[in-house]
Amino acid sequence: MSGAQIIDGKQVAQQVRGRVAEEVAALKRDHGVTPGLTVVLVGENPASQVYVRNKSRQTEAAGMVSTMHKLPAETSEADLLALVADLNEDPSVHGILVQLPLPEQIDETRVIEAISPAKDVDGFHPENVGRVATGAGGIAPCTPLGCVILAKTVQPDLTGMEAVIVGRSNIVGKPLAQLLLKENCTVTIAHSRTRDLPEVTRRADLLLAAVGRAEMVRGDWVKPGATVIDVGINRLEPQPGEEKGRLVGDVAFEEAREVASAITPVPGGVGPMTIACLLANTVNAARAINGLEPVAIGA
Ligand SMILES: Nc1nc2c(c(=O)[nH]1)N[C@@H](CN(C=O)c1ccc(C(=O)N[C@@H](CCC(=O)O)C(=O)O)cc1)CN2
């Protein structure tokens, strides 16, 4: 097979944001509640600055209240924990997101665990991780949610599919496995230490790469006709004449598109879905805090 369908994450993310805006308007109209998202950025990581700016703009565009706390890189863990405690108590804040990575003097786990699970719109708190794993509600993390929504644009029912995830991180690989189990997939989590990785990935009807290594998954690792979801965002070294290096995923796109039936590009695939799903989680957090059932957005 040649010439896979390209799954347009920008377009799907726009649809999700449109649905979120409708739900925000309904929540204001019917219950007088305006969802509020607070983003905390510590330090000056250039990529993080871009991401938090986009989060803030898209939050406002969906009709929600966006607030931002920008703290200096030398901020102590105690000061950050004190801010999180204040936000937990603030009734106008329905979602709290602490942008990662954090400077090295701050323990990420301690900060994540300090966020009220009800306001943890990243879905990283152990209570949400446990609830998602056991099917007891909870807030699912944004990037894995985005992957499932994108896969379902080409295969609305994932039941029975052999899904292979390459990568076992707490924020993508492991929660993605839980979400795909919920969709009735047969799930394998492979990783950099898996024996004969290409042999494992070639079993996948649905191959999801989240390993953080540029173009590691080659075309001949892909089963003909598979759907490939590439979570990786890696910047290559600039080539002569280039100001910045090119952005690539964890999959060798040009090779894989010749074999797959559908594939996400990088950029423009999973990345835009992360922020769209954050907005969806925020509207549902505001609903839950006000005693309302969640609404289905996307997946
Ligand atoms: N608290 C969190 N921190 C981080 C998360 C997260 O979900 N929660 N994820 C990433 C960064 N991230 C959102 O925060 C994010 C990454 C990438 C994109 C995106 O749209 N990428 C574009 C390419 C952007 C570029 O040109 O550099 C794409 O893939 O098309 C959105 C959000 C780490 N931290």
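Just so you know, the numbers here start at 1 and follow the chain as drawn.
Placed from the backbone N, Cα and C atoms, the Cβ positions cover glycine too.
Per TrEMBL, the features are as follows:
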type	residues	note
DOMAIN	7-122	domain 'Tetrahydrofolate dehydrogenase/cyclohydrolase catalytic'
DOMAIN	141-287	domain 'Tetrahydrofolate dehydrogenase/cyclohydrolase NAD(P)-binding'
BINDING	G167, R168, S169, I233	NADP(+) binding site
Distance-selected binding-site residues near ligand 1 (C-beta under 6 Å), from G167, R168, S169, I233: I233
Residues that sit under 8 angstroms from S169 (NADP(+) binding site) by C-beta distance, when 6+ apart in the chain: A210, G212
Number of other Cβ atoms within 10 Å of the Cβ of G167 (NADP(+) binding site) across all protein chains: 22
